[in-house]
């Protein structure tokens with residue numbers, strides 16, 4: 001007997017609230033933090049999110065009979081209270097994998113964080129976490145190189161990498177920009193970096209910057225005997241211009257380029273990552289605009305989701321905040337999404353904000369980049385928090401040295417090596433940080449001056465987006 005079509009409107013929970021459902025290994029799972037309008041039951045709010053992010057619409061439609069709606073629909077299978085919040089709750093939703101184009105992060109986000117975020121029944125909605133099934137991960141190319149390959153390319157092992165953003169980030173001519181790059185690299189840094197908003201402005205066209213940077217790197221490598229690099233930002237107004245800049249960096253024999261993945265978009269980022277893999281280029285990723293999306297504790301997308309999506313889309317390095325610097329991010333939350341960038345399997349751990357087990361299979365890892373308001377006094381904590389597979393970037397903490405950028409770079413290099421040596425000797429570098437740094441400063445006038453210069457600089461503000469734990 002054929003199905004009967006009943007026109008009209010019915011409650012979402014009649015179809016999309018399925019508390020008896022057991023998620024499949026192939027399902028894509030999502031955790032949303034929901035705050036509904038007053039008087040709307042939690043089950044109806046959660047079911048509405050499942051419906052509007054999958055197969056649902058506001059009215060029953062006859063064309064539902066032309067497909068197997070029960071197979072394709074998203075299902076809210078669990079609701080949990082948010083600790084310490086009387087209004088919000090977690091909705092756990094399972095989506096069949098066939099709802100998404102293979103390997104397309106753009107398509108996944110269009111469904112999960114599309115029109116549903118403007119739904120009137122919701123006051124706030126936040127995507128807290130996604131469990132990508134291994135079947136989907138295998139369709140994504142991921143990082144173009146990964147941690148091990150990058151270390152081999154740069155010939156750097158056994159410690160975090162050191163970098164800095166060129167300052168002032170806007171206004172320098174190409175030649176003066178190259179001079180600052182040279183000073184930093186000869187002083188001891190591994191990388192220097194374009195800031196996120198340096199593209200091709202009237203004061204410095206991109207070709208000019210690329211050429212002077214390439215010359216600076218060549219001189220610094222000859223002087224130090226080390227492999228050096230600079231993150232050349234190829235983010236552009238069109239994909240064609242982006243690839244033109246990437247090709248020119250390759251012609252100059254540069255090891256690494258950079259992309260602003262949120263403002264540039266996931267489609268552009270995935271394409272650029274594939275280009276980097278095919279052309280032997282490392283890819284540094286900046287997260288400009290992320291806080292607009294992830295900082296509000298009740299609305300938006302948590303950064304752990306953006307970090308997971310970036311690993312799938314492709315990038316070899318990603319900014320993650322610092323814990324100790326000027327940018328938002330507490331220690332446990334930051335460690336949670338650093339794990340998602342680097343590990344092959346990350347277990348559910350609410351104390352770090354991870355709502356699901358996440359199996360990454362054999363996908364390469366991504367370097368976590370600590371950048372934003374850090375200086376030499378932060379070095380012991382940074383080494384302890386981020387470990388070796390990280391890039392520690394000191395912008396003002398390099399250029400602000402009273403003796404200039406080369407001295408600032410030297411101070412950071414000495415501090416880093418002192419902390420790594422102390423850690424390897426079994427010392428508790430966070431507890432013994434002052435002794436370790438002061439001892440190293442006795443043999444490095446650059447470090448001694450840096451320690452004196454920044455001894456009073458702290459960024460002691462409470463975190464806005466805190467973990468929801470009891």
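Here the Cβ of each residue, glycine as well, is placed from N, Cα and C on the backbone.
The record from Swiss-Prot ties 115, 165, 169, 319, 371 to substrate, and of the options 205, 287, 295, 342 it ties 287 to that site too. Taking a C-beta cut-off of under 8 Å and a sequence gap of six or more, residue 319 (substrate binding site) has these contacts in its own chain: 285, 286, 287, 369, 371, 372. Cβ environment of residue 167 (active site, proton acceptor): 180, 395, 396, 399 lie under 8 Å away, each six or more residues apart in the same chain. For the pair formed by residue 115 (substrate binding site) and residue 195 (Mg(2+) binding site), distance between Cα atoms is given as 32 Å, rounded to the nearest Å.
Straight-line distance linking the Cα atoms of residue 196 (Mg(2+) binding site) and residue 165 (substrate binding site), rounded to a whole number, equals 9 Å. Remark: residue 195 (Mg(2+) binding site) has 165, 166, 169, 170, 233 as non-local neighbours, by Cβ distance under 8 Å and separation of at least 6 in sequence.
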